[in-house]
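Remarks on the structure that follows.
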Amino acid sequence: MNTALFYLACVIALSATGLALTRANAAHALIYLIVSLLAVAVLFFLMGAPFAAALEIVIYAGAIMVLFVFVIMMLNIGEEGVERERDWLRPRFWIVPGIMSTLLLVELLLALRDGAAFGAALTSGQAVAPKAVGLALFGPYVLAVEIASMLLLAGLVGAYHLGRRFLVRGGRH
Amino acid sequence: MAEPGLGTLGTIAFGIAIIAAAVGGAAVLTWFERRLLGIWQDRHGPNRLGPFGVLQVVADMLKLLTKHDWVPPFADRAVFVFAPTAIVVAMLLGFAVVPFGPDLYVLDLNIGLLFFLGMTSLAVYSVLLGGLASNNKYALLGGLRSAAQMVSYEVFMGLSLMGVVMLAGSFSLRDIVEAQRELWFCIPQFLGLLTFTVAGIAESHRLPFDLPEAEHELTAGFHTEYGGMKFAMFMLGEYLGLILISAMIVTLFFGGWLGPWLPPVVWFGLKVFALICFFILLRAAIPRPRYDQLMTLGWKVMLPLTLLNLMATGALALWWRA
């Protein structure tokens, strides 16, 4: 049962991502990207990581993608944007990156075939409770958490700085 | 996951019952809200059809059902039709983790609270995509506002609940209710209650935080182009959101189903009802802020308050246990 659900979610995630890449209309592409993120959340859940699944929905599907939609609405490109995007999607633009990523996919598949760990993780279905995730994060992995928080702080200060300059310039005129 | 309290068939039946009750409740709320607003504003409200005018609900429904289901030719058709369903589905899914009684629930996830937050954040897409697909300046502005409002208020909505999680030591809503046997969390977590209530109203974009619609400046905001059943779906989603937020506040801060004498589910219903009345009173009492005031309130008042609450709760919890 779980395996069937897993592969179903896999198919949805892969096809939604493919559709997200090939849509000329940015809004449609984003909807497919959201679907793909939701499918990945289901994958996390099935592999026994409900906490990661919830964060995938709350943060990626619920917050970051909203910002993407926000930008699309701000630009509001409409028909001419669709035309331009269609122009960019011609084969000569995507054929080389396509070949590269196909090679990467083959590598990934080979690694998956040899790595028994993946299959074991799927079938054993050891669920990890949120508390265990927290204990791991603030126990052995506390250094990674600190580095990530420093990175985020740098991003925050940078964003504040950029916004500040914009405000001052706007105020002078 | 824990075993369902009702067995598989019972859980399915209960889930269907919740959906029916929530949708029916939302329909009756449309009438109830207008009656209450009428009382508070010294007028009658809809009082003609049936006892106390309650059949007004049926009349409204018939009107919406028989309206021409029109999609504007300039709209992005597929997205336009899909948008209103997202909010209804997300809000109904949110009800799955709400415990109505010690054994009355659909799902007892160990990430129940995060599931609820995820569903409310997915409901935002309805407003966004509706505004974007309408291809109308007013709708676009409404959608833009809603995107900014939701992202800003979501930040401290999640953070304001972390104090409750710290005290209860679990994301599971049943555990959170059980942890309130001695003291409801509205007392140690009053700052959390305040910020979560404000964020909850903003998330379900009800007055006074209905800037995405703001009929006085944006005609009707994101649903300017919507009519008939698709408009009704937006309204349904909004009322479902109101019920869901009230149910969550009751679960997290007012002891959920806990209470003496009466059966648990009655206590739960009474508390939710009282909170819904409070939200309607807020709508009647508070004027709508300006948009920049709304954003300033979110980032400069509510977020620091939430962080303060989080720090104080964490420090006290550590001190208590040491």
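Positions of Cβ are set from backbone N, Cα and C atoms, glycine also.
Taken straight from TrEMBL:
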- B:12-32: transmembrane segment (TRANSMEM)
- B:78-99: transmembrane segment (TRANSMEM)
- B:111-132: transmembrane segment (TRANSMEM)
- B:153-171: transmembrane segment (TRANSMEM)
- B:183-202: transmembrane segment (TRANSMEM)
- B:239-259: transmembrane segment (TRANSMEM)
- B:265-285: transmembrane segment (TRANSMEM)
- B:297-320: transmembrane segment (TRANSMEM)
Positions whose Cβ lies under 8 angstroms from the transmembrane segment (B:265-285), at least six residues beyond its ends
29, 32-33, 36-37, 40-41, 100-101, 104, 201, 206-208, 242-243, 245-247, 249-250, 254-259
Given the transmembrane segment (B:153-171), its same-chain partners at Cβ distance under 8 Å and 6+ residues beyond its ends are 109-114, 117, 120-121, 179-180, 185, 188-189, 191-192, 195-196, 198-200, 202-203, 252-253, 298, 302-303, 305-307, 309-310, 313-314, 317
Beyond the flanks of the transmembrane segment (B:12-32) by 6 or more, those residues with Cβ under 8 Å of it
6, 46, 53-54, 56-57, 60-61, 91-92, 95-96, 100, 104-106, 235-236, 239-240, 242-244, 276, 280
